[in-house]
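Copied over from TrEMBL, here are the features:
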type     : residues : note
ACT_SITE : Cys94    : active site, nucleophile
ACT_SITE : His195   : active site
BINDING  : Arg129   : substrate binding site
DOMAIN   : 8-202    : domain 'CobB/CobQ-like glutamine amidotransferase'
Amino acid sequence: MNDNSLRLVWVYPDLLSTYGDQGNALVVERRAQQRGIAVERVDVRSDQPVPAGADIYLIGGGEDRPQRLAAERLRRDGGLNRAAANGAIIFSVCAGYQILGHEFINDLNEREAGLGLLDVISTRGEKERCVGDVLGDIDERLGLPPLTGFENHQGITHLGPGARPFARTRFGNGNGTGDGTEGAWNDTVFGTYMHGPVLARNPQIADLLIRLAMDAPSLPALDDRWYEALREERIAAATQPA
Ligand code: GLN
């Protein structure tokens, strides 16, 4: 799309929206509007079809059972896969991230097929649940400041050759594989374990999604002092002894 408008879809708020993930939709919407971009936001419940013609899709985290239901419905619906084939930008958090991969372990302890939009596979971690603050450095190709966020997951995610780590952790678990990676991305599809909500804590990621969707090399700067103060506080908290 090249006119000055953006279609934003928040996928399955009734099943996948834990730890403030709704904030991600609010932040994308607000930051686009602050640049004079008209936003049409559609919240698509799990009993509704996912429209394939939007520009940005957000999908959040969830408990194990809603995660299985969401995966079943998204596979059956096919709309998110069609959107990805159309080149839409998709940003996913935690359970949503696992669903975008090839498979994950569901609440019945069975392998559940994902959508295959990211070359990752999630298994159930044998160690303690990954819970707490995370600090990382985002893939330098994306040109973004350090990532801060909060994670809460049992699943761990292994990247295949078609997915790049979204970030490298300085603190916290991220993908939970012990290799220091956090999240995954290919050119249009992104996954992270960061709640936070992640776009409220890292608004430059919201701007990245908007730029990619609008095919815009840059966006006008905004007053981000509040966000930067929060980032500095989280970096200090993560890097200083308690
Ligand atoms: N149920 C998944 C896990 O524990 C995702 C949890 C979440 O989205 N916070 O790995």
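Here the Cβ of each residue, glycine as well, is placed from N, Cα and C on the backbone.
Remember, it's a predicted structure, so these values are computed and weren't measured experimentally.
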Between His195 (active site) and Arg129 (substrate binding site), the C-alpha gap once rounded to whole angstrom: 15
Nonlocal residues around Cys94 (active site, nucleophile), in sequence order (Cβ under 8 Å, 6 or more apart): Thr18, Gly60, Gly61, Gly62, Glu151, Asn152, His153, Thr192, Tyr193, Met194, His195
Cβ contacts of Arg129 (substrate binding site) (under 8 Å, same chain, 6 or more positions away): Asn152, His153, Gln154
All-chain count of other Cβ atoms within 10 Å of His195 (active site): 23
Three-class DSSP secondary structure - Cys94 (active site, nucleophile): coil
